[in-house]
Ligand SMILES: [Zn+2]
Ligand SMILES: [Zn+2]
């Protein structure tokens with residue numbers, strides 16, 4: 001899985017930072033892409049990447065501020081013209097359905113694929129045999145959510161070398177052994193699949209938060225995550241401003257990362273008051289509290305190891 005930052009700025013588009021959108025690329029895991037937020041011109045940003053809109057399977061919206069949703073109707077419409085025929089689900093807080101429905105209706109946009117819109121409150125938003133996505137409300141001027149994406153543990157890999165050494169050659173039997181079945185070979189030997197399968201592979205945890213003040217639910221959602229994406233609209237010295245505008249500072253984001261014992265912190269939603277020359281200083285502020293901190297920039301991609 002990879003995280004690709006399509007927009008990393010706060011509030012209004014800037015030359016070096018477009019407004020928020022993040023793609024979680026799961027091309028190996030499920031051959032699809034999940035998008036988190038869709039600020040204005042997200043589809044323009046996508047044009048500079050290898051992402052295919054038709055591969056977008058789900059869009060998770062954190063909150064309804066314009067810098068997180070103004071790109072949505074355009075992207076949904078364009079997906080129809082780009083061979084997008086598979087179902088797409090949008091998850092978001094109450095109001096997202098009305099916003100999408102009205103935008104598509106008045107512009108007479110007719111989608112060529114099934115669109116499902118799910119408004120949720122809190123708790124489990126989505127679950128299948130591979131992933132579970134949970135949401136919890138944060139502290140912002142309007143209802144803003146954070147998401148915790150947990151990949152379920154995967155069965156270990158089949159030790160083919162060991163099988164061959166024991167004289168068990170490839171065939172349909174391998175699938176049975178991989179699923180842990182006990183089978184009898186033609187020579188009469190009884191083989192237990194579990195003896196040939198490695199330990200379960202631990203699933204990854206990714207936490208992507210919407211706009212928020214420093215708050216407890218941010219910490220809960222981030223617990224032991226492999227990657228935490230936390231907004232850092234302001235520098236450490238602007239704590240009061242951050243509080244007044246319902247945002248966080250670099251230091252507060254790093255404090256959450258440290259308290260929640262995450263592996264990597266990625267700061268985003270950076271105010272345009274900070275120019276390129278200020279960015280190294282912003283990371284330093286976070287690193288003082290949590291050494292493994294990064295500051296996102298548009299088109300930055302990180303591998304989730
Ligand atoms: Zn915002
Ligand atoms: Zn906001």
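Placed from the backbone N, Cα and C atoms, the Cβ positions cover glycine too.
TrEMBL names 63, 65, 211 as Zn(2+) 1 ligands; from the candidate set 140, 297, the record adds 140 to that same site.
In TrEMBL, the Zn(2+) 2 site is described by 67, 68, 211, and among 143, 269 the residue recorded at this site is 269. Distance between Cα atoms for residue 269 (Zn(2+) 2 binding site) and residue 63 (Zn(2+) 1 binding site): 14 Å, as a whole number. Sorting the binding-site residues 67, 211 by the number of other Cβ atoms within 10 Å puts 211 first. Same-chain residues that are not part of 67, 68, 211, 269 yet have a Cβ within 8 Å of the Cβ center of the Zn(2+) 2 site turn out to be 10, 11, 19, 20, 37, 39, 62, 63, 65, 210, 231. Cβ neighbours of residue 63 (Zn(2+) 1 binding site) (same chain, under 8 Å, six or more residues apart in sequence): 93, 140, 142, 143, 144, 145, 210, 211.
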